[in-house]
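Inspection log for the structure reproduced underneath, given as C-alpha cells.
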Amino acid sequence: MYESGFELEPLIRYASSYDSFKTERIVCELINEGVAAIFGPGTTETSGIASSVCNTVEVPHIITHWEREKVGMTNEDSSPFTLNLYPDTNVLSRAYADLLIDYTWKSYTIIYEDDDSLIRLKDILQIHDPQSSPVTVRQLGDGPDYRPLLKQIQTSGESHIILDVSNLDKIITLLRQASEVKMMEEYQSYIITSLDTHTLDFEELKFMRANITAMRLIDPSSFDLMNAIHDWELGERQFQRMYRIAAESVKTETALYHDAVRLFAAAVRELDATEEIETEKIDCKQPQQWEHGKRIAEYMRLRTDNGITGRIVFNDDGKRSHFQLEITELSKEGFKKIGTWDPEHHVNYTRTLGEAYEQVIEALQNKTFIVVSRIAAPFLDYRKSEDGEVFEGNQRLQGYSLDLIDAISKILHFNYRFEIVPDGKYGSYNKVTKQWDGLVRHLLDRKADLAICDLTITYERRTAVDFTMPFMTLGISILFLKPVKQDPNLFSFLSPLSVDVWVFMLAAYLGVSILLFVLSRMAPDDWESSHPCNQEPEELENIWNMHNCIWLTMGSIMGQGCDILPKAISTRIVACMWWFFALIMLASYTANLAAFLTMERMDATINSAEDLAKQSKIKYGAVKGGSTMKFFQESNFSTYQRMWAAMESSRPTVFVNNNDEGRDRVLKGKRQYAYLMESTMLEYFTERYCDLVQIGGLLDSKSYGIALPLNSPYRTAISGAVLKLQEDGKLSALKEKWWKGGMCKKPESGGSDDAAELGIDAVGGVFVVLGFGCLFALIVAILEFLWNVKKVAVEQKLTPWEALRSELLFAVNIWIITKPVCNRLSESESPKSTPRSQKSSRYGSEAQSSKEKSVHSVNLNNEKVNGFTSRSLSHLNRIGNFFTRKNNSD
Ligand code: ASP
C-alpha cells in the first residue's frame with residue numbers, strides 16, 4: 001500500500017496460537033526491527049502478551065479477533081495502545097439476542113464449541129424466560145461424527161438451533177450430518193453465529209430446506225469492498241497470479257485486517273502532515289518507548305472511519321462498540337441480505353413481506369406436501385368403488401378436506417399426498433406423559449407437513465403447532481334423539497284426566513245425585529202441588545226421584561243443563577256446587593284435551609345444556625380427548641363444571657372415540673344419552689338421521705384450521721389461499737357439496753307438531769263411544785218397545801204377535817206422528833191410581849193432555865191409516881171412543 005510521504009512495509013511473523021512465550025519473543029524482535037505498529041496475533045491466548053509488550057514500549061497494537069474479557073478488568077486496566085476492530089463481545093451478544101427476540105423463538109438448543117461460546121452468547125442465555133420451555137445447551141464435542149448429538153436434539157422435538165462454532169469446516173460437517181438425520185427440513189431453523197457463515201460453500205447447502213440465518217460484518221455490495229478487491233487483484237497480478245476474488249468469499253478477518261491497516265495508515269498520514277513520524281528500533285528489555293506511539297494510538301481511537309466492515313468507532317477501552325451487521329438468510333442463490341442490525345435501531349428488515357412471500361411461493365412449486373388426516377365423513381372417507389376398481393393414493397379418498405387441499409394446491413401449485421393418522425385421534429396433550437397424540441403428534445414428529453380434518457383451533461394446540469386462517473366456524477351443541485311418537489290411542493280423549501280423576505268424578509257424580517235425592521225429599525220446597533192451578537192440593541208430589549237427580553247432574557257435567565230444577569235452598573246449593581265443579585272440570589278437560597290430542601308426549605323435556613345439567617337420568621358425553629371435552633373440563637362456568645363432573649364420574653364412560661360412535665350411541669340410547677358435539681358434524685348427522693335432533697343453540701364459538709408444524713414457512717401462503725377460497729365463495733360451495741343431500745326434512749319454521757291436524761287415530765275413540773251409546777240406546781228402545789207390546793197385548797187382549805205387528809206397523813209408518821195413549825184406558829178402568837201413575841201423568845206434563853185430545857181425534861178419522869188389521873183398527877177406535885167419553889166426562 002502506498003501513501004504519500006511514507007510507505008508501509010509489512011513484516012510478517014508466524015507465532016503459535018497458544019505459545020505466549022514465543023509470541024513475546026517474536027513481538028520483541030519486530031519492535032527491535034523498528035515497527036510502527038503490531039497487528040495481531042490472532043488468538044486471545046497470545047494477544048495478551050503482545051498487548052502488554054506494546055503497552056510497555058508504547059507501540060500501537062491492533063487486533064482483529066474476538067477477545068475474551070479478562071475477569072475483573074476495568075476501563076483503567078485496558079491497554080491504551082491496543083485497539084480491537086472485531087465487534088465488542090457485549091454488543092455482538094446483544095445483536096444475537098435481538099435477533100432471537102425478533103424471531104420469537106420460545107425454546108431453542110444452543111450447540112457450542114467451547115466455553116468462550118457461552119461468553120459470546122451470554123445475552124441469549126439471559127433473555128430466556130424461565131417460565132417458557134427450557135433452553136438446551138449442548139457442547140459439540142470433538143467429532144467428526146455429530147449425528148448422535150443431532151439425533152438427540154431431533155428426538156427432543158427442538159426445531160430452533162443456535163450454532164456457535166467458529167471453524168467453518170466443522171459447521172459444514174455438522175450441517176451435512178444434520179441433513180442426513182433429517183434435521184435440515186423446512187421446519188428447522190438455524191442461527192449460525194460465525195460472522196464468516198456467508199463464505200460457506202452454499203452449493204452444498206442450497207438443497208437443504210432448513211432456514212439458516214447468519215450475520216455478517218461485510219457488505220459484499222459495498223463500494224469500499226469492490227475497491228479493496230480490485231487492489232488485492234492488482235497486487236496478485238504483480239506476482240503474475242490472476243485471481244478473481246468474489247466479494248462473498250471475503251472473510252471477516254481479512255476485511256478487518258484491511259480496515260485496520262487502512263485506519264492506521266490514515267492516522268499516520270494525518271499525523272505525519274503536522275509532525276514527521278519516524279520509526280525507531282526499540283529494545284523490549286530496555287525501559288524505552290516509541291515517541292510517536294501514544295499519539296498514533298490516541299488518534300486512531302478518536303478517529304471514526306468507514307471501512308469494508310462498515311463504520312469504525314472505538315469506545316474508551318479501544319473496543320469497537322458501534323458497527324452494523326447484515327442479517328442474511330440462505331437461499332438458492334446463497335446468503336441473501338434480509339435486514340440489518342445496529343446498536344441503535346436493532347433488527348431492521350430490508351426484505352419486504354412481498355419478497356418473503358415470493359420466496360415461499362417459489363419453494364412451494366416442486367414440493368409434495370404430506371397431508372395427515374383422519375377418517376370421518378364428510379371431511380374424509382374412503383371412496384367406494386362401484387365396478388371393483390381399486391383406487392390408489394389420494395384417489396382412494398374423498399371428502400371436504402381432500403377437496404379443500406386440492407383447491408389450495410391449485411392456487412399455490414404444490415403436490416400433496418394424503419395419509420391417515422394411525423391412532424385416529426385429533427390431538428390432545430397428556431400432562432402425565434407430556435406427550436401429544438393424534439394429528440398433532442404426527443406434525444411434531446415431522447411425519448407430515450399439514451394436518452386437516454374437523455380439527456379445532458385451540459390455545460393448547462397452538463403451543464405445539466401452527467394453524468392457518470380458519471376455514472369453518474362452529475360451536476358446541478347437543479345431539480339428541482327426537483321425542484318418541486306415542487302410538488295413536490283411540491281413547492286418547494280420556495287422557496286429559498288421570499284414571500284417579502275419572503274414578504273420583506264418577507264417585508262425585510253418584511254422591512251428588514244421591515245427596516240431591518235425599519235433600520230434596522227432606523226439603524219442603526221441593527214438594528209441590530201436582531196441579532199448579534190447584535192452590536189447596538190434597539197431596540203434594542216430589543219430582544226429584546233418583547232418575548231425575550241423575551239426569552240433572554249428568555246434564556250439568558255435560559254442559560247441557562236440565563229442564564227441571566230444584567226449588568229448595570239446600571238442593572239449589574247442592575246444584576250450584578255441582579255446577580261449579582262441572583264448570584272447572586269441563587274447562588280443565590277441554591284445555592287439556594287439545595294439548596293431549598295434538599301434542600306428542602315427551603319422556604323428558606331437554607331444551608338446553610342447563611336442562612341436561614339439572615337432571616341425572618339422561619347421560620351425556622363427548623369425543624374423548626377432543627376440544628369439546630376440553631371445553632367442559634376447563635370451563636369456569638358453573639353449569640359446564642357440573643356437566644363435566646357428571647361426565648367424568650359416569651360409569652360406564654360417556655366418552656366416545658369419534659363422532660360416529662357418539663351418534664350411534666344416541667340412536668340406540670332411547671333418549672337416555674345425549675352427545676355433545678360440534679355443530680358442523682351435528683348438522684351433517686341431523687340431515688341424514690331423521691331421528692336425531694339438535695337441542696338448544698351453540699354453547700361457544702370456534703373454528704377449524706389447517707395445522708402445520710410450528711414456524712412452517714408455508715403458513716402465510718396457505719392462509720392466503722384459504723382466504724381467497726373463502727372470498728370466492730368456494731368454501732361455502734364445498735360445504736354445500738359435502739353436507740347437503742340428506743333426506744331428512746327440517747321442521748318448517750312456524751309450523752310444529754302441536755299444530756298438526758288430528759287424525760282419526762286420535763279421536764276415533766269418541767266415535768266408538770258414540771257408536772256404543774247409540775247401540776245401547778237402540779237396545780233399550782227395543783226393550784222398551786217389547787215391554788210396551790207386551791202391555792198392549794195384555795190390555796187389548798191381543799196375541800203378542802198381533803200386538804207386536806200392530807205396534808211395529810204403527811212405528812214404521814213415518815206419516816203417523818201421533819199415538820193414542822193406551823194406559824189412559826187402564827187408568828180409567830182401574831180407578832185406583834197408584835202414586836207412580838200419578839207421577840207419570842204429572843211427568844208426562846199437563847201441556848200434553850189438551851194437545852193429545854185434539855190430535856187423537858184427528859188421527860182416528862184419518863183415512864191414511866192403511867195396512868192396519870181390523871183388530872188393531874177396532875183397538876184404535878176403542879181408544880178413540882174412550883177419549884171421547886173421557887173428554888165428555890171432563
Ligand atoms: N373437532 C374437535 C377437536 O378438534 C373434536 C370434538 O371435540 O368434537 O378436538
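Each residue, glycine too, has its Cβ placed from N, Cα and C.
Heads up, TrEMBL stuff is auto-annotated, nobody curated it.
TrEMBL names Thr456, Arg461, Ser627, Thr628 for binding L-glutamate. Of Glu678, Glu683, Glu687, the residue it gives for the same site is Glu678.
For Cys744, the disulfide partner recorded in TrEMBL among Cys690, Cys774 is Cys690. Long-range contacts of the transmembrane segment (762-787) within the same chain: residues 488-494, 597-598, 804, 807, 811, each at least 6 residues beyond the stretch ends and with a Cβ under 8 Å from a Cβ of the stretch. Report note: the L-glutamate site is defined by Thr456, Arg461, Ser627, Thr628, Glu678, and the residues of the same chain whose CB lies within 8 Å of the CB centroid of those residues, excluding them, are Tyr426, Asp454, Leu455, Thr458, Gly626, Lys630, Phe631, Lys702. Among the binding-site residues Thr456, Arg461, Ser627, Thr628, Glu678, residues whose Cβ is positioned under 6 Å from ligand 1 are identified as Thr456, Ser627, Thr628, Glu678. Under the three-state DSSP scheme, Thr456 (L-glutamate binding site) falls in the strand class.
When DSSP labels each residue, the domain 'Ionotropic glutamate receptor L-glutamate and glycine-binding' (378-445) comes out as 24 helix, 15 strand, 29 coil, counted as helix, strand and coil in that order. Taking Cβ-Cβ distances under 8 Å and a sequence gap of 6 or more within the same chain, the neighbours of Thr456 (L-glutamate binding site) are Tyr426, Gly626, Ser627, Glu678, Lys702, Ser703, Tyr704.
For Arg461 (L-glutamate binding site), the same-chain residues 6+ apart in sequence whose C-beta sits under 8 angstroms from its C-beta are Gly427, Val440, Leu455, Phe467, Ala707. For the domain 'Ionotropic glutamate receptor C-terminal' (368-741), the model's average pLDDT works out to 91. Once the Cα atoms of Thr456, Arg461, Ser627, Thr628, Glu678, the listed binders of L-glutamate, are compared pairwise, the greatest separation found is 17 Å.
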